[in-house]
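Visitor: For ASN7, GLU385, the entry in TrEMBL reads Mg(2+) binding site. If you look up TrEMBL, you'll see LYS14, HIS208, ILE209, GLY210, ASN211, GLY212, ASP283, MET284, ARG285, GLY331, VAL332, GLY333, GLU334, ASN335 marked as ATP binding site. The substrate binding site feature in TrEMBL is assigned to ARG91. Here TrEMBL flags ASP148 as active site, proton donor/acceptor. As annotated by TrEMBL, site 'Transition state stabilizer' applies to HIS180, ARG241.
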Amino acid sequence: MIVLILNAGSSSLKYQVYNMTNESVLAKGLVERIGMDSSIVTHKSTGFEEVREVSEILDHVTAVRRVIDMLTNREYGVLKNINEIQAVGHRVVHGGEVFKESVLVTDAVKLEIRKLFDLAPLHNPAHMMGIVAVDSNLPNVPQVVVFDTAFHQTMDNVAYLYPIPTVLYRRHKVRRYGFHGTSHAYVSVHAAEHLQKPLEDLKMITCHIGNGASCTAIVGGKSVDTSMGMTPLEGLMMGTRSGDIDPAIVPYVMNKEELTMNEVNSMLNKHSGMLAISGNSSDMREITEAMQEGDKNAQLAFDMYVYRLVKYIGSYAAAMNGLDVLVFTAGVGENSAVVRKAVCEAITFFGIELDEQANAVRSGDIREISTANSKVKVLVVPTNEELLIARDTFRIVNELK
Ligand code: AMP
């Protein structure tokens, strides 16, 4: 089965095409600047040179049509015919409390996703544009939606409620949802497989640390707590997001600096985190380089980043009353040996023993970086959210047959 995976943003559309017979990627690409002048399409068919096109793409319907044109292009296309696409899978950020797993798109599902626009105003409306664009370009092809929040729906109310008036939960669904669920789910399954241990027997903490960052406590394959909250702003210190701060800072700063709600929101999401502390970068590579050249602000940003992550790992180990496996994934987790080393060296009392040589190896493969004696196994697991979306899409569409 050929499956098209879409991640629609408000002015962008990321795509990947999988042949599910062997889970190989046939093509992938990105449409940018949809609805603006000079939209850009970057397309790469496996085995061919990358193609870049600048044209006018006014909306998502036209963007999906362009993607199909590229996939069926005579020269570099990977499909003979548009009918070869048998299913489409969409990444959807917010599934609220309604969606506890991936589902087939129906009119009722579309209505529910629309009801969630309030909770994810920057993301869900864009995803819906992707779904509607497929409806009009591939009207007979089944679509599946895979939610970033779904994996965390197993959390207990002890973990997902905030200690604020419960009327806010009842009326407005103010609670912890958690994000990056597809990634946490994917890496936990692969970590258990790699260790050849049943996932059901493991207490695990998965650290998805990239530009956005979250960590999740997983018991027996189920998310029991996660650091992102009602929005992806809570939790760890990130590239440009603050993560946890005292909520009273918000009204205080609004008052002192005469900021509007939008301005303070933008400050916490776009001008905080490592960018704010280092003074010039949100990128862990640049922070590490500057730190090694003696930049004190970069050093402080790095130290705070690690310290806050370590605190979460400690609290989740306590929440689970144990820890068997610690997983690092995403841009920083997969690539930064320096961050992994600093984290592991701060929590040796758990019985973590880092294999420094294994940690220093650069590789795109899943690998263990703890010593044979380490009580807690430490793994680097490259994440692959698109593949998980493709697998769910394939499984759900197959069940229709
Ligand atoms: P992601 O959002 O998963 O793409 O991750 C982006 C983050 O990964 C950025 O902060 C990058 O600086 C970081 N990153 C990527 N490669 C490396 C590397 N080799 N060393 C340190 N950080 C890296």
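Cβ coordinates come from backbone N, Cα and C, glycine included.
Mind running through what each feature is packed against?
Guide: Packing around ASN7 (Mg(2+) binding site) is summarised by its Cβ count: 23 other Cβ atoms lie within 10 angstroms of its Cβ, all protein chains included. Look at ASN7 (Mg(2+) binding site): DSSP puts it in a strand.
Around the Cβ of ARG285 (ATP binding site), the number of neighbouring Cβ atoms within 10 Å comes to 12.
In the three-state DSSP scheme, ARG91 (substrate binding site) falls into the strand class. A simple way to gauge crowding: the CB of ARG91 (substrate binding site) has 22 other CB atoms within 10 angstroms, across all the protein chains here.
The DSSP secondary structure for ASP148 (active site, proton donor/acceptor) is coil.
Listed in sequence order, ASP148, HIS208, GLY212, SER214, THR216, MET228, ALA330 are the same-chain residues at least 6 apart in sequence whose CB falls under 8 Å from the CB of HIS180 (site 'Transition state stabilizer').
Reduced to three states, the DSSP call for ARG241 (site 'Transition state stabilizer') is coil. Taking Cβ-Cβ distances under 8 Å and a sequence separation of 6 or more, the neighbours of ARG241 (site 'Transition state stabilizer') in its chain are GLY212, PRO232, LEU233, LEU268, ASN269, LYS270, SER272, GLY273.
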Visitor: Based on DSSP, name the secondary structure state of ILE209 (ATP binding site): helix, strand or coil.
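Guide: The three-state answer is strand.
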Visitor: Using C-alpha atoms only, work out the spacing between ARG91 (substrate binding site) and ASN211 (ATP binding site) and round it to an integer in Å.
Guide: 18
Visitor: Looking only at DSSP and grouping its letters into three states, which state does LYS14 (ATP binding site) belong to?
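Guide: SS state of LYS14 (ATP binding site) = strand.
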Visitor: Residues with Cβ closer than 8 Å to the Cβ of VAL332 (ATP binding site), same chain and 6+ apart in sequence?
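Guide: Correct list: ILE209, GLY210, ALA213, MET284, VAL339.
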Visitor: Ligand 1 is in the model; which of the binding-site residues LYS14, ARG91, ASN211, ASP283, VAL332 have a C-beta less than 6 angstroms from one of its atoms?
Guide: ASN211, ASP283, VAL332
Visitor: Relative to the Cβ position of GLU385 (Mg(2+) binding site), how many further Cβ atoms are located within 10 Å?
Guide: 21
